[in-house]
Amino acid sequence: MEAVAAAGGAGLTGWQAAALSGAAGWVWAASHYDLTPQARALAQPWVTRRVHAETPSILTFQRVQHRMLDNFFSVLSCVVSVPFYTGFLPLLFWSGHGKLARQMTLLLAFCDYLGNAVKDLVSAPRPCSPPVRRVTATEDEKENAMEYGLPSSHALNTVCLMGYMLHYVLTYEPCGGFMIATGLSLAFMLVTLIGIARVYLGMHSLTDVIAGISFGIVILAFWLVVHDHVDAFVVSGQNVTFFWASLSLVLCFAYPRPEFPTPSFEFHTAFNGVAFGIVYGVQQTYTRFHGPEAPLILSHQLPLLAYAGRVLVGIPTILAVKLCSKALSKWLLPVMCSTLGIPILSSCYVPALKPSDIGGGSGNKDEAKQAGGYLQRVFSLFPQKAYDVDTGIRFVQYAGLAWSVVDLVPVIFTHLNL
């Protein structure tokens, strides 16, 4: 273990080396022993039977339908979706509540990984449509409909994020019994409405919703135990950037392959990048912008008008950084992989690397193997033979966006006296 900790001069601590070794070992074991198909064979039939058995109940529930209910539940689902949080979290960082923003970002990445991993591991269907009426009023909902069903990500994320936000608010300042009861009631009502919405919209069965809420409660309980340790590590730990970069790489492989392709892995990759960008940026700028002395919204240091200025400057900036990161990675990553001899393909970002456009001659493959040398042999230990460069492109663009939220944009705020 000491040799691993000292490898490459990274100076990893014992627990960091153990965590990375354990995750890499799990990737190897899952691939070598085909653990994903075995687990799926146990869970998928039972879940599928439950979902199909609930179809009559869903149809009965959907008899009460109205255009206003369609709009209300569609908007409610959008408000607790991952894209909404992606837009909301930068505003939270710029409001001065740095710890809450960091923890909600990392918790959302954690929920997104676990929830989507379970979905693709089980590969259980959503309620059949038809006969179930499915309402997909937004592009986000259309993408969600392409994923597997169990557990409901909306229910899981709502339990975790609303639960953590409630914990933060109630512990930020002393609260009386009335405030605690009100907060718990509002959180319970929101979770209940989300569960009803997912069934009403035909997106999930009751089993999916219950599984999402149950997973959410377990994850939230775990996070409330470790969140202070996680935050202390992020802002002042050793080897944080190297460890998190290594963990992000391993997590791209430590993900079950679904029965059929879904967008779930893309969502995981995006928030994996967001988490790394936030951690790296906070490491660089914590004492300057994100410490306890950071000005809070509605204080004399950060009045509402100045905060509005931050939003007007910050949003276009992070979107521009995302576009630049995407363009740079689309050019740089294929060149790097080609130089290192790592076999790659692209599903959408790089047309020249689409599987149908890649030559099948053995000569090109042999040249790539010779160029890759030792590094490609290391990559061959992982379960794939050719790697989708889109994963790296997506990771880099969202990491760049997140880094700009906590590093570049606050620097601009300082120069503009915002």
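Cβ coordinates are placed from backbone N, Cα and C, and glycine is handled just like the others.
What TrEMBL says about this one:
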TRANSMEM  72-94  transmembrane segment
DOMAIN    101-224  domain 'Phosphatidic acid phosphatase type 2/haloperoxidase'
TRANSMEM  155-172  transmembrane segment
TRANSMEM  178-197  transmembrane segment
TRANSMEM  209-226  transmembrane segment
TRANSMEM  232-255  transmembrane segment
TRANSMEM  267-284  transmembrane segment
TRANSMEM  331-352  transmembrane segment
TRANSMEM  395-416  transmembrane segment
Same-chain residues at least 6 beyond the ends of the transmembrane segment (209-226) with CB under 8 Å of its CB atoms are 103, 107, 110-111, 114-115, 118, 150-160, 163-164, 167, 191, 195, 198-199
Where DSSP helix means H, G or I and strand means E or B, what are the helix, strand and coil counts for the domain 'Phosphatidic acid phosphatase type 2/haloperoxidase' (101-224)? 92 helix, 0 strand, 32 coil
Using a cut-off of under 8 Å between C-beta atoms, tell me which stretch among 72-94, 178-197, 232-255, 267-284, 331-352 contacts the transmembrane segment (395-416) the most. 267-284
Limited to the domain 'Phosphatidic acid phosphatase type 2/haloperoxidase' (101-224), I'd like the whole-number average of pLDDT. 88
Lying 6 or more residues past either end of the transmembrane segment (72-94) yet within Cβ distance under 8 Å of it, the residues of that chain are 100-101, 104-105, 108, 112, 135, 137-138, 140-141, 144, 153-154, 157-158, 161, 190, 193-194, 196-198, 200-201, 203, 267, 271, 274, 290, 307, 310-311, 314-315, 318, 405-406, 409-410, 413
Residue numbers, six or more beyond the limits of the transmembrane segment (178-197), whose CB comes under 8 Å of its CB atoms: 73, 76-77, 80, 152, 154-155, 158-159, 162-163, 166, 169-170, 209, 212-213
